[in-house]
Amino acid sequence: MAPTSKADKKAADAAAWMFNVVTSVGIIIVNKALMATYGFSFATTLTGLHFATTTLMTVVLRWLGYIQPSHLPVSELLKFMVFANFSIVGMNVSLMWNSVGFYQIAKLSMIPVSCLLEVVLDKIRYSRDTKLSIGIVLLGVGVCTVTDVSVNAKGFIAAFIAVWSTALQQYYVHFLQRKYSLGSFSLLGHTAPAQAGSLLLLGPFLDYWLTNKRVDAYDYNYGSLMFIILSCTIAVGTNLSQFICIGRFTAVSFQVLGHMKTILVLIMGFFFFGKEGLNLHVVLGMIIAVVGMIWYGNASSKPGGKERRSHSLPTSRQQKHGGFPESTEHDGKV
């Protein structure tokens, strides 16, 4: 590959990460304001609205010709929808049934679970430095976020389901894009309508079970509606950037480097809400995590840092869709 092409790829990778970080942090801040200020606690229904807005975006892009017709078997779509919806519901239930500390530990465990999926299913081999850097990231984020830790049986089950379904959903994003030669927009065009329909159908009932409040009885006003619209708008970028990042890289890289969002949320929360200061151990954890992320980026990019061992995934013979450039390098170093 020519040097200019490598430079262009690095620039595109950096832009994809920045897109994901900005939209993810933005939607967390907006949703926190929506729930804390306006009392809109219907998280599952809100997620359904996010995917409905994303569906509208894909319909418009398809009408404009930016998304070409593509095929995804119904069986694959159903499996993805099960993983994705169990991930959303599992996280909400886990947060309700567990302490914040155990909830954060469960989120951190997604990285080793994603590593296991890649080792078993994709025959990925990690170097010692790559493994150590992942451990440093986990340690740093754990120092930042884990406080009180208590666990109970039903909370553990909810966390277990949430972790594995989230890891499988993120692995499946990468898997489907490679196997069926689907771009991020095309895959979203298949999955977003299914998730929107299922979450909008089940969301109000689940939210009532979690909060004992009905979404149709909520006192909507101009301020809350503006925040809901803003949340849905940012969610389009969040959903798209997740698919772009996982498609360009892997679920493990998305999880490891994605913890930069956790650090930014802590910092933004301090500036915007000011409820908890950045004490010494939180700052120390941030520094450790950032060092681990930098080490991971360097270690995984070196020869042998993270490679697929003589294994190639068969892909369906579909034409890559134009309009939006995406990486097609999935064999060898990942």
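Just so you know, glycine gets a Cβ as well, placed from its N, Cα and C.
Heads up, TrEMBL stuff is auto-annotated, nobody curated it.
The feature transmembrane segment is assigned by TrEMBL to 12-30, 42-65, 77-95, 132-149, 155-173, 185-205, 225-244, 256-274, 280-299. Among the features that TrEMBL reports, domain 'Sugar phosphate transporter' is placed at 22-296. For 302-334, the entry in TrEMBL reads region 'Disordered'.
Sequence-distant contacts of the transmembrane segment (132-149) (same chain, six or more residues past either end, CB-CB distance under 8 Å): 99-102, 104-105, 108, 111-112, 115, 126, 252, 256, 259, 262-263, 266, 281-282, 284-293, 295-296, 299-300. Averaged over the domain 'Sugar phosphate transporter' (22-296), the predicted model has a pLDDT of 87.
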